[in-house]
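Visitor: Sequence annotations record features per position, and here TrEMBL assigns active site, proton acceptor to Asp36. Residues annotated as active site, proton donor in TrEMBL: Asp176. The substrate binding site annotation in TrEMBL covers Ser9, His67, Gly143, Phe144, Gly145, Gly146, Asp176, Gly177, Gly178, Gly198, Ser199. The divalent metal cation binding site annotation in TrEMBL covers His34, Asp36, His67, Asp176.
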Amino acid sequence: MKSYKIAPSILSADYANFESELKKLEATGADYAHIDIMDGHFVPNISFGAGVVASMRPHSKLVFDCHLMVSNPEHHIEDFARAGADIISIHAEATPHIHGALQKIRAAGVKASVVINPGTPVEAVKNVLNLVDQVLVMTVNPGFGGQAFLPETMDKVRELVVLREVNQLDFDIEVDGGIDDETIGIAKEAGANVFVAGSYVFKGDVAHQVQTLKEALHD
């Protein structure tokens, strides 16, 4: 069975104090720092680029899970690999060259992850599942924090579990959007094992919120 991992999204953190925010996350026993990269084109918002990731890298031993919500992500892979990304997630919808882009991530020595939006069928990534270490299922529409979890996206998680077993593959299934102490159990039951949570983690005491998520996983 895949181990469970908590991946707080720093999109909801205090941007002026990333170093201290990362230290707080490490102290909670979180597994990943989920870093949302937005270009203002593929999604409406703009967040931060590879330079910001590079500046954070010396201050944290957390796995840097970089989610590229950008058009033509293949143009940015090397920059984020150099910046210290451990995992790079790219959207199936963002490039016509998804095979090549995933191969480029792996060639850079980084774990490769493919993302599907709520409106994108699993069929769109079926032919690249042998190239990935992770599949990220968006459980909200990407680009904004604080949205409500879309339960119908769990059908995609269940479908991915079946495809992984049938094809004897070994990728993680990550969910992102609207994850809290209630929805994390729904995602776990569907078959997800990596859980991104932003607004929920940073809306209160970070250590308490992460602990609550961990406890919810073991209920």
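Each Cβ is built from the backbone N, Cα and C atoms, and glycine gets one as well.
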Visitor: Given the binding-site residues Ser9, Gly143, Gly178, Ser199, which lie close to His34 (divalent metal cation binding site), meaning Cα to Cα within 10 A?
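Guide: Of Ser9, Gly143, Gly178, Ser199, within range: Ser9.
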Visitor: Using other CB atoms within 10 angstroms as the count, which residue among the active-site residues Asp36, Asp176 scores least?
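Guide: Least crowded of the active-site residues Asp36, Asp176, by Cβ count within 10 Å, is Asp36.
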Visitor: For the C-alpha pair, I'd like the distance in angstrom between His67 (divalent metal cation binding site) and Asp36 (active site, proton acceptor), rounded off.
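Guide: Asp36 (active site, proton acceptor) has its Cα 5 Å from the Cα of His67 (divalent metal cation binding site).
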Visitor: Who sits close to Gly143 (substrate binding site): which same-chain residues at least 6 apart have their Cβ under 8 Å from its Cβ?
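Guide: Non-local contacts for Gly143 (substrate binding site): Met38, Val43, Pro44, Asn45, Met69.
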Visitor: Just to verify a number: CA distance, Ser199 (substrate binding site) to the residue listed as 'active site, proton acceptor', in angstrom, no decimals.
Guide: 13
Visitor: Using DSSP, would you call Ser199 (substrate binding site) helix, strand or coil?
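Guide: Its secondary structure by DSSP: helix.
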Visitor: Within 10 Å of the Cβ of Ser199 (substrate binding site), how many other Cβ atoms can you find? Include all protein chains, please.
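Guide: For Ser199 (substrate binding site), the 10 Å Cβ neighbour count is 17.
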Visitor: How many Å separate the Cα atoms of Asp176 (active site, proton donor) and Ser9 (substrate binding site)?
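Guide: Cα-Cα, rounded: 9 Å.
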Visitor: Reduced to three states, what secondary structure does DSSP give Gly178 (substrate binding site)?
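Guide: DSSP call for Gly178 (substrate binding site): coil, neither helix nor strand.
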Visitor: Sorted by position, what residues of the same chain at least six away from Gly178 (substrate binding site) have a C-beta under 8 A from it?
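Guide: Listed in sequence order, they are Thr139, Val140, Gln147, Ala148, Phe149, Leu150.
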Visitor: For the residue listed as 'active site, proton acceptor' and Ser9 (substrate binding site), determine the Cα separation and express it in whole Å.
Guide: 7
